[in-house]
Amino acid sequence: MPEGFQSLNQTLPSAISSIAHLESLNDSFILGAKQSEDVSPGLEILALISVTYAVIISVGILGNTILIKVFFKIKSMQTVPNIFITSLAFGDLLLLLTCVPVDASRYIVDTWMFGRAGCKIISFIQLTSVGVSVFTLTVLSADRYRAIVKPLQLQTSDAVLKTCGKAVCVWIISMLLAAPEAVFSDLYEFGSSEKNTTFEACAPYPVSEKILQETHSLICFLVFYIVPLSIISAYYFLIAKTLYKSTFNMPAEEHTHARKQIESRKRVAKTVLVLVALFAVCWLPNHMLYLYRSFTYHSAVNSSAFHLSATIFARVLAFSNSCVNPFALYWLSRSFRQHFKKQVYCCKTEPPASQQSPTHSSTITGITAVKGNIQMSEISITLLSAYDVKKE
């Protein structure tokens, strides 16, 4: 057996077992378990885990902080889609600043340092952050659906206010769904399947409650993964269908103008789809592993090296989702890329005067266009005011 896996087999049972019961990332945290033998993780493995978590935290905080700063500092970036994306960044920051460091600490020390109250608070924050991420992506997909499939229903006069209200509702719903975690999460006694030891850990239910384990894992998988992604898939199917039809049905005299509008919305929809795909890929192993544990281990936890390796991989991948969104935007959005570079290089130059707010620009355009075709100008203003690709 490779030396790395031999070292893994000798890791603290508490560090292994505390990973074994989680929901979305609400897992069991070790609380000063006494071991039957004096063993500790290999230094190479411990260093690798520590560096990985440090990179996730540092990169995630940097990227999301710059994203939020760009949104509040650059007026042209304060559009409907960007309000949701900024809300998503706040949720990611919450996870990175609280849950990721706590999770990393389990590999450095073998005692839970945050008490019973910390168990409840961390459980609540973890599930709230997951809810904010997936539900914001769902609402953002619905917004793209309305922008492309039903553009005449857009209300630009109060779009920003309504969008802020929706973002707040997403946070409230996420906190309400996470509230039971804070209520029922507590310190329970766990045992190791390969070592004759028991220990206290933070979990949303006692390990001996088979029905609770299975029900909890299924509800988390459905509410925080399957149902939202199914809704998003339905929205994007309708979006793709509409864009395909519009390619062949646009009038010849409006071909150039309509083509620009369609391309603009396609790029924004593509950006949202990439964020959704990143969430789905990053969180799927975590959910699968939790379902497997819930239906397999009821009285003890698996402390094998392979199980530990799979768990660390799933956790790191899930946490990574909180730091990749800003860099996906950097890759997909030219305007965000420009402002991101300015913030990184500490450039304090103000944006050109031509980069006015979408509402101001559309108003001027509307006043000029009224002299020509009033009806068409009103529709064009509505479609372009907050959904121009250069101002996602």
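From the backbone N, Cα and C atoms, a Cβ is placed for every residue, glycine too.
The topological domain 'Extracellular' annotation in Swiss-Prot covers 1-40 (among others).
Positions annotated as N-linked glycosylation site by Swiss-Prot, on the basis of sequence analysis: Asn9 (among others).
Residues or ranges marked as N-linked glycosylation site in Swiss-Prot: Asn26 (among others).
Taken from Swiss-Prot, the feature transmembrane segment covers 41-62 (among others), and the record attributes it to sequence analysis.
For the topological domain 'Cytoplasmic' (63-81), the mean pLDDT of the prediction comes to 91. Here Swiss-Prot flags 63-81 (among others) as topological domain 'Cytoplasmic', drawing on sequence analysis.
Among the features that Swiss-Prot reports, transmembrane segment is placed at 82-102 (among others).
Residues annotated as topological domain 'Extracellular' in Swiss-Prot: 103-120 (among others).
Taken from Swiss-Prot, the feature disulfide bond covers Cys119-Cys202, and the record attributes it to sequence analysis. Note on Cys202 (disulfide bond): other Cβ atoms within 10 Å of its Cβ, all shown chains, come to 26. According to DSSP, Cys202 (disulfide bond) is assigned to a strand segment.
The transmembrane segment annotation in Swiss-Prot covers 121-142 (among others) and rests on sequence analysis.
Per Swiss-Prot, topological domain 'Cytoplasmic' is recorded for 143-162 (among others), and the stated evidence type is sequence analysis.
Counting only same-chain residues 6+ beyond the ends of the transmembrane segment (163-183), those with a CB under 8 A from a CB of the stretch are 23, 26, 80, 83-84, 87, 91, 120-121, 123-132, 135-136, 139, 143, 204, 223. The annotation transmembrane segment is assigned in Swiss-Prot to 163-183 (among others).
Here Swiss-Prot flags 184-219 (among others) as topological domain 'Extracellular', drawing on sequence analysis.
Annotated transmembrane segment per Swiss-Prot: 220-240 (among others), in sequence order, evidence recorded as sequence analysis.
Summarising the annotation, Swiss-Prot assigns topological domain 'Cytoplasmic' to 241-271 (among others) and lists sequence analysis as the type of evidence.
Feature annotation from Swiss-Prot assigns transmembrane segment to 272-292 (among others).
What Swiss-Prot lists as topological domain 'Extracellular' is 293-312 (among others), and the listing cites sequence analysis.
Taking the Cβ of Cys119 (disulfide bond) as centre and 10 Å as the limit, one finds 26 other Cβ atoms among all the protein chains shown. Counting C-beta pairs under 8 angstroms (sequence separation of 6 or more), the transmembrane segment (82-102) reaches the transmembrane segment (313-332) with 3 or more such pairs.
The stretch from 121-142, 220-240, 313-332 that makes the most Cβ contacts under 8 Å with the transmembrane segment (272-292) is 313-332.
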